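A.B. asks: Submitted below is the structure of interest, expressed as structure tokens.
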Amino acid sequence: MKKTITSNDLKNLVNEAHAQVKDLKGGKNANYIPFLDKIDSNLFGISVCLPSGEVIEAGDTNYVFGIESVSKVYTAILVLRQYGAQAVLDKIGADATGLPFNSIMAILLENDHPSTPLVNAGAISADSMVKPVGNSEAKWKAITDNMRELSGSDLKLLDELYKSESETNFNNRSIAWLLKNFNRIYDDPNMSLDLYTRQCSMGVTAKQLSIAACTIANNGLNPVTKQQVFDPSLSPKITSLIATVGFYEHTGDWLYTSGVPAKSGVGGGVLGVVPGLFGIAAFAPPLDEAGNSVKAQAAIKYIAQKLNVNVFGGDHVEVIN
Ligand code: DON
């Protein structure tokens with residue numbers, strides 16, 4: 001069914017979702033990275049960005065939190081921009097692992113077939129691919145420029161988070177060297193790991209995430225800066241990567257119940273894409289046992305269900321002023 005709503009209706013719905021979800025209990029801050037354990041668990045924000053460039057916000061949408069695994073979407077886009085869709089499929093892959101984000105088992109099981117840039121192993125591979133290969137400083141500039149272009153403003157490194165992650169990333173160190181063993185890393189493993197750790201330690205707001213999400217929903221055109229950030233043909237590729245593995249081993253359950261391709265991070269952020277309609281982001285630190293924000297999931301589901309938007313069906317919604 002076709003349905004037209006005003007941006008004011010959407011504003012009311014975003015406020016309603018915030019009010020409904022804000023007292024939801026359950027979940028715990030990530031504690032395997034000490035910095036994340038200390039963040040106020042009551043923070044909660046929802047931001048929706050429309051292709052018109054309008055951003056609708058409720059709650060703590062300007063609080064800067066650790067982007068963590070949502071950064072995997074950004075670097076996946078960067079290597080898609082630099083290499084094209086086929087090379088990313090060949091060098092990393094686009095399969096769901098069905099296993100936790102930091103799984104070593106997944107690498108062993110798929111040793112003849114890479115997985116996806118949206119789990120730790122594939123994300124470290126993606127960082128190794130970033131051009132110019134061999135030059136850490138220039139690679140970091142490419143990563144952060146791409147983040148700015150997608151979000152419409154600079155993201156800033158959270159030094160304390162970077163230190164905290166670097167001091168505790170033993171599992172990821174094993175992943176980087178195991179990838180080397182299977183010829184699935186395309187630059188120095190330690191450098192690739194450090195770039196991955198740094199990109200996860202970038203500070204972002206829910207508002208910035210929603211703008212990046214809308215850039216994906218809007219075929220690569222940033223709705224706020226009006227820059228064509230990536231080729232429109234890459235948009236469905238990015239959304240399909242997000243849809244297949246955005247919630248790791250709970251991706252199927254998430255898609256089945258929400259209908260919204262979305263990517264989570266242990267900092268409490270979730271970025272969701274409804275192609276052609278909007279980008280949505282929510283942030284709240286307490287996570288379920290798979291590492292996905294409890295309130296962010298509930299808020300996105302609430303809004304999607306009330307609008308009846310779903311990439312597998314649902315209504316065709318248009319938002320007017
Ligand atoms: O690699 C890690 O452990 C973190 N820097 C990121 C993990 C993460 O956000 C997983 N997502 N839910």
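Even glycines carry a Cβ here, placed using N, Cα and C.
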A.B. asks: Among N15, N120, N321, which is the one TrEMBL gives for the substrate site where S69, E165, N172, Y196, Y248, V266 also bind?
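C.D. replies: Within the candidate list, TrEMBL flags N120.
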A.B. asks: Out of S69, N120, N172, which of these binding-site residues shows the lowest number of other CB atoms within 10 Å of its CB?
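C.D. replies: The binding-site residues S69, N120, N172 were compared, and N172 has the fewest Cβ atoms within 10 Å.
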A.B. asks: Which of these binding-site residues (N120, N172, Y196, Y248, V266) have a C-beta closer than 6 Å to some atom of ligand 1?
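C.D. replies: Those binding-site residues that pass the cut-off, since their Cβ is under 6 Å from ligand 1, are N120, N172, V266.
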A.B. asks: Please give the substrate site's span as the largest CA-CA distance among S69, N120, E165, N172, Y196, Y248, V266, to the nearest whole angstrom.
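C.D. replies: So the binding residues stretch over 20 Å, Cα to Cα.
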A.B. asks: For E165 (substrate binding site), just count the other CB atoms lying within 10 A of its CB, please.
C.D. replies: 23
